[in-house]
Amino acid sequence: MTTILDGKKTADALMTALTETVTEMKARGVTPGLAVILVGEDPASAIYVRNKHRRADKIGIRSFTIAMPATVSEADLLAKIAELNDDPDVDGILVQLPLPAQISEAAVLNAIAPEKDVDGFHPVNVGRLWTNEPGVVASTPFGIMQLLKAYQIPVAGKNAVIVGRSNIVGRPLAALLLNASATVTMTHSQTADLAAHTRQADLLFVATGRPEMITEDMVKAGAVVVDVGMDRNAAGKLVGDVNFAEVAPRASAITPVPGGVGPMTIAALMMQTVELAKRRLNGSAK
Ligand SMILES: Nc1nc2c(c(=O)[nH]1)N[C@@H](CN(C=O)c1ccc(C(=O)N[C@@H](CCC(=O)O)C(=O)O)cc1)CN2
């Protein structure tokens with residue numbers, strides 16, 4: 001029987017535990033603070049940001065959005081980040097991606113103070129991750145690791161294959177899996193004979209943005225399949241990068257879309273906001 005890796009249920013359980021932690025922190029005078037910068041009117045980004053605030057409200061994190069027009073200059077955006085870097089009530093800062101074309105994503109992400117970089121995209125935190133030092137990790141890969149842990153899925157010694165090499169998912173996930181002693185293969189759009197690689201996977205992670213591209217013949221029997229995709233198919237239905245109907249019966253465990261990795265991304269963000277705020281309790285914040 002295939003196990004459905006239920007991200008919504010797992011996220012809810014993690015957030016219940018986190019609520020207790022936040023309550024204790026507040027009693028000691030520290031309310032975790034999360035600042036989200038939303039540039040432009042991308043409808044999907046607006047929904048993700050709203051869901052982040054809903055989750056934060058529910059567990060007692062103080063969160064707020066700074067909405068900026070799509071025409072904002074890079075200089076104005078950087079000035080806002082500098083202000084938040086200096087705000088002692090803000091523990092975590094994130095800039096919702098994607099950004100409009102006139103703004104350099106690298107310049108913006110590098111401007112966030114590494115100790116407030118709750119998305120883990122700053123080069124200092126990326127470096128810490130790849131050298132297996134403590135630091136903040138990108139929310140989606142961190143959430144995936146939490147999901148595997150919740151379902152007690154072993155990682156050490158397993159063949160992990162990642163399809164997709166983005167900075168948000170594929171690359172940080174590779175580092176986390178390596179740090180957890182998996183044997184990691186990264187594949188991408190230029191990989192020759194992709195299926196030859198995916199068929200070797202004990203753990204298969206797919207983050208390509210190509211609807212239902214992973215089919216039954218590309219998956220080893222009994223593999224654990226984690227689908228990071230969120231796409232619309234020709235009929236307008238929300239689907240992942242994995243053809244769920246075909247692949248699920250062949251897998252030992254699989255994430256659904258929606259309700260798999262997505263809710264874990266937001267849970268991971270909350271967990272890391274609280275971790276950053278703990279530094280304030282210990283007196284080590286900037
Ligand atoms: N600064 C960042 N920008 C972006 C990130 C990120 O981690 N940091 N990730 C994505 C968007 N994202 C969070 O920001 C995100 C996307 C989707 C979900 C989610 O819960 N999806 C639901 C389905 C939602 C729907 O019905 O449309 C699910 O999978 O169940 C959460 C977070 C890009 N930008």
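Here the Cβ of each residue, glycine as well, is placed from N, Cα and C on the backbone.
Where the annotation comes from TrEMBL, it is an automatic prediction and has not been curated.
A quick note: this is a predicted structure, and the numbers were derived from the prediction, not measured.
According to TrEMBL, the protein has these features:
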- 5-119: domain 'Tetrahydrofolate dehydrogenase/cyclohydrolase catalytic' (DOMAIN)
- 139-280: domain 'Tetrahydrofolate dehydrogenase/cyclohydrolase NAD(P)-binding' (DOMAIN)
- Gly164, Arg165, Ser166: NADP(+) binding site (BINDING)
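Annotated NADP(+) site Gly164, Arg165, Ser166; additional same-chain residues within 8 Å of its Cβ mean position, judged by their own Cβ, are Ile162, Val163, Asn167, Ile168, Val169, Gly170, Arg171, Met186, His188, Ala207, Thr208. Comparing the binding-site residues Gly164, Arg165, Ser166 by how many other C-beta atoms lie within 10 angstroms of each C-beta, the top residue is Gly164. Looking at the domain 'Tetrahydrofolate dehydrogenase/cyclohydrolase NAD(P)-binding' (139-280) alone, the prediction's average pLDDT is 97.
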